[in-house]
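Q: Have a look at the structure that comes next, please.
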Amino acid sequence: MERWNINDSSKIYNLDNWGADLFSINKKGNVCVHPSPSSKSSIDLRVLVDDLIKRKIKPPILLRFMDVLQGRIASINRAFKSAISENDYPAKYQTFFPIKVNQQRQVVEAIASYGKRYNIGLEVGSKPELVAGISISSGNNLPIICNGYKDSEYIETVLYATAIGYDITLVIEKLFELEKVIELVKKTGIQPRLGIRVKLSSKGTGKWATSGGEDAKFGLRMSEIIAAIDLLEENGLLDRVKLIHFHIGSQITKIDKIKTALIEGARVYTELRKMGMGIEFVDIGGGLGVDYDGSKSSYFSSVNYSVEEYANDVIYQIKNICDDAGVECPNIISESGRATVAHYSVLVTNVLNTNTQRLTPDFEEELAAAEKLAPTVKKLVDIHKSIDRYSLREDYHDTVQLIQEAVSLFNLGYLTLNERAMAEWLYGKIIKKINSIVEKIKPIPEELQNFQLALRQTYFANFSLFQSIPDSWAIDQLFPIVPIQRLNQKPDVIASIADITCDSDGEITSFVGENGRTKFLPLHKIRKDEDYYIGFFLIGAYQEILGDMHNLFGDTNAVHITFNKKTGYMIDTVINGDACWESLKYVQYKGPEILKRVREHLEKGVAQRKVSIEESSHFIELLDRTLLGYTYLGE
């Protein structure tokens, strides 16, 4: 029997490369989470999940590791502190967290708390986010930057927040916004703190490249900046502009694109300073990416640079341009939301079932006893008997052709149902035999690599793809997926992951593998009377807020966890997932009204003696219990 150890598992899931030293596999074969890359302390995910289930917290469970979040904030700030020191940069760096990346109150409050020592700020892009930002800032005195489209109410709220002492900057995205600002400044007499968003020619890379460039949704072109300056000067507001902002897209995969944007943005800054504007801050926006697949490449699910390289380039490029222009260096702001929160949350859920055909009949005896077989079936029998590594390619192609032929013959009425079933059974036997041969061949012939798809099983997991990792469906984003136990054993199944929605799109067929993107996930056969859990990693950015309620599957249970030296971990907060009545309420159904209508219907049935009183009572109890229960599946 082939030996297998946890290092082998780490390789096939590429865990060491995407895990950022925050995830590992222990001697038991379970995935562990570390509070920081340098920490030897860890939490065993399988033990944690078992403990949560004992506490009646059912899967799917979103695990939020607050120490990891704190560590990510620290690592970004540490990288910039080091870059400032190495480059003798004369100004400061400040992190702003864009609330849109993860708007959950407890998460934003934690970021505000952990980020105090770094003077962290919040970036908001809508009226609800503005209100949330003001609320969080009220207890923490956090600075706020306001981006996005703005109406008069938005602008007036910012003005009055400024008047009563909030540190808040209103960024002008369009000229018509500036006209509204001027109008409201005259009306209220309140002097704002302003910023200007610049539309750079530079573009990012990957899925969000269109966020930058001449056709970008936001920002002022150079000619519009000149017009804005004239308008500001005419109305006595030019000295209120303290910041310029640019953003060339999220998850920028190539560092050279970042450098190009920094040079262009810094040139705009120096020119505006030469024109007499008192700009103090350059907000370089987001874009600091996450290496989701561990390839350290420019592929859209990876990045070809580190946080340290990013920080160094930001500081160096801006300083270099400013020194050449003889202009004072600005304070630098970045909005690195994805890199801050992606790693800290993990979704864990149980596998409910697989599509393994446990009741498939064995046709061995029937085939042996048959006096005459359909020609197609006979050819498949012959291939199965004779196949070896030297006839592999030809036999594989013949097998594919014959199974297609069997389907056509069945549809035309020339094969019976039993004969088609025999053909399918033989096809499966041949593919398994091919697999056993191919596993010993290195490298695998290219034309045979896809044959494994025929062996791929479907593992049905207790979650909604659309609710918990919508980017996997919407933009084909890769997220690392790993079973959290039995990693000291060799996986014996290749699988796809299907959710429990009634939608054929609710299936994951692209995974992070040892050599990049792969079409199957290695898993273990499900043992009887054993729970098997799968973890979805690096899902802390955008997924929670983008998740939708397809089939009315609601928010999952969420648990906030911190490390504890004595007990291993502490549960800080448990946030119950949506009950059925809560999901129904989103679409205007009310629990009491549902019960009332059903009860009235049942009473008519009782009166007509179609339903017994006991049946009516039991059904109402069952319905009531369902309304109060979790939207996801139990036993």
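Keep in mind that glycine also has a Cβ here, set from the backbone N, Cα and C atoms.
Annotation source Swiss-Prot lists N6-(pyridoxal phosphate)lysine at Lys100, citing sequence analysis. Residues or ranges marked as substrate binding site in Swiss-Prot: Val282, Asp283, Ile284, Gly285, Gly286, Gly287, Leu288, Gly289, Val290, Asp291, Tyr292.
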Q: Including all protein chains displayed, how many Cβ atoms other than that of Tyr292 (substrate binding site) lie within 10 Å of its Cβ?
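A: The answer is 23 other Cβ atoms.
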Q: Whole-number Å only: compute the distance from the Cα of Val290 (substrate binding site) to the Cα of Lys100 (N6-(pyridoxal phosphate)lysine).
A: 17
Q: Taking DSSP as the reference, which of helix, strand or coil describes Val282 (substrate binding site)?
A: strand
Q: Could you check what DSSP calls Lys100 (N6-(pyridoxal phosphate)lysine) once collapsed to helix, strand or coil?
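A: In three-state terms, Lys100 (N6-(pyridoxal phosphate)lysine) counts as helix.
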Q: Round to the nearest Å and give the CA-to-CA distance linking Tyr292 (substrate binding site) with Lys100 (N6-(pyridoxal phosphate)lysine).
A: 20
Q: Take the C-alpha atoms of Val282 (substrate binding site) and Lys100 (N6-(pyridoxal phosphate)lysine) and report the distance between them in angstrom, rounded.
A: 21
Q: In sequence order, which same-chain residues at least six apart have a C-beta under 8 angstroms from Leu288 (substrate binding site)?
A: Ile76, Ile252, Val307, Tyr310, Ser334, Ser336, Arg338, Ala339
Q: Please report the number of other Cβ atoms within 10 Å of the Cβ of Val290 (substrate binding site).
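A: Summing over all protein chains shown, Val290 (substrate binding site) has 22 other Cβ atoms within 10 Å.
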Q: Name the secondary structure element type, per DSSP in three states, that contains Tyr292 (substrate binding site).
A: coil
